[in-house]
């Protein structure tokens, strides 16, 4: 019986994934203990032993990959490793910026609040802000959907790094005679074009949908359900609650879809400068998608109210129709809501770096 219970419990734990979580946690704890022992050995080793053991290469790869726990433990036990440079003379700060590792850079700034490291140059005369202007392939950037949001994130990186470097190096030129901003512009030309095309394609598609809703809801306002009275022209169901729901939903859908059309037209006629992707264009897209979603939802409400007015008492056909009316809203949410949320967080959410760290550094 005990054996049977053990097998049953093991199967339940496997099914729920608890065993896998336990094994992952166990591996993490053991890895952390091993890391601490390695750090102790490194702290007692000399320069030659560290070079032979590829310690410097390991911490450089950890910074590039964003392995924050490894970097934190290594620097906590061996603070002098912060002076590590790669073959091109790039320090850990510059590498963290180049590979867009925000958590790593925040940790470095918190542990070593010194302007010396943020002002150093590589063999090509590129400083920390020049690294923010370079377009290096990064897994962090590939996780961002859409070229427009990627361009926004790159601009945010450049602006944030600009606040933590010394004012003297913001306009410093590298060996090619380029300032950080000029280097950013040269390296992001293709991304800027793709972001512009993405914005225009999205705005064009949404404009067509919004314009159709405007046409439908404008016509619906003059073809009210039930018709009008012959004597005074007033609607037959004027005093019905469902009729008021129809009128209000129709008006809200008309106004919100009209607003959506105007917002998307504003996107299409934008000049698409670099800084427009930082706040202006994402804000317009957020408002446009939000009003479009609201207009679709209220249009379905107006349709449902009309069905209830015209087919009252026929629940066997009314209920399925109203349920089907929610399908377009659900489809829109599935396709666009995630993009809307990510764009909102990217535009109005917290900054890339820890705000406390940045203020302390400044």
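A Cβ is built for glycine as well, from the same backbone N, Cα and C atoms used for every other residue.
What you see is a predicted model, and the numbers here were worked out from it, not measured in a lab.
According to TrEMBL, the protein has these features:
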DOMAIN    197-309  domain 'PGG'
TRANSMEM  202-222  transmembrane segment
TRANSMEM  242-265  transmembrane segment
TRANSMEM  286-311  transmembrane segment
TRANSMEM  317-335  transmembrane segment
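The domain 'PGG' (197-309) scores a mean pLDDT of 88 in the predicted structure.
Counting C-beta pairs under 8 angstroms (sequence separation of 6 or more), the transmembrane segment (202-222) reaches the transmembrane segment (286-311) with 3 or more such pairs. With DSSP states grouped into helix (H, G, I), strand (E, B) and coil, the domain 'PGG' (197-309) comes out at 88 helix, 2 strand, 23 coil.
Residues 203, 206, 209-210, 213, 216-217, 220, 225-226, 237, 240, 242-243, 245-246, 249-250, 252-254, 256-257, 259-260, 263-264, 267, 317-318, 321-322, 325-326, 328-329, 332-333, 336-337, 339-340, 343-344, 347 of the same chain sit 6 or more residues outside the transmembrane segment (286-311) yet have a Cβ under 8 Å from a Cβ within it.
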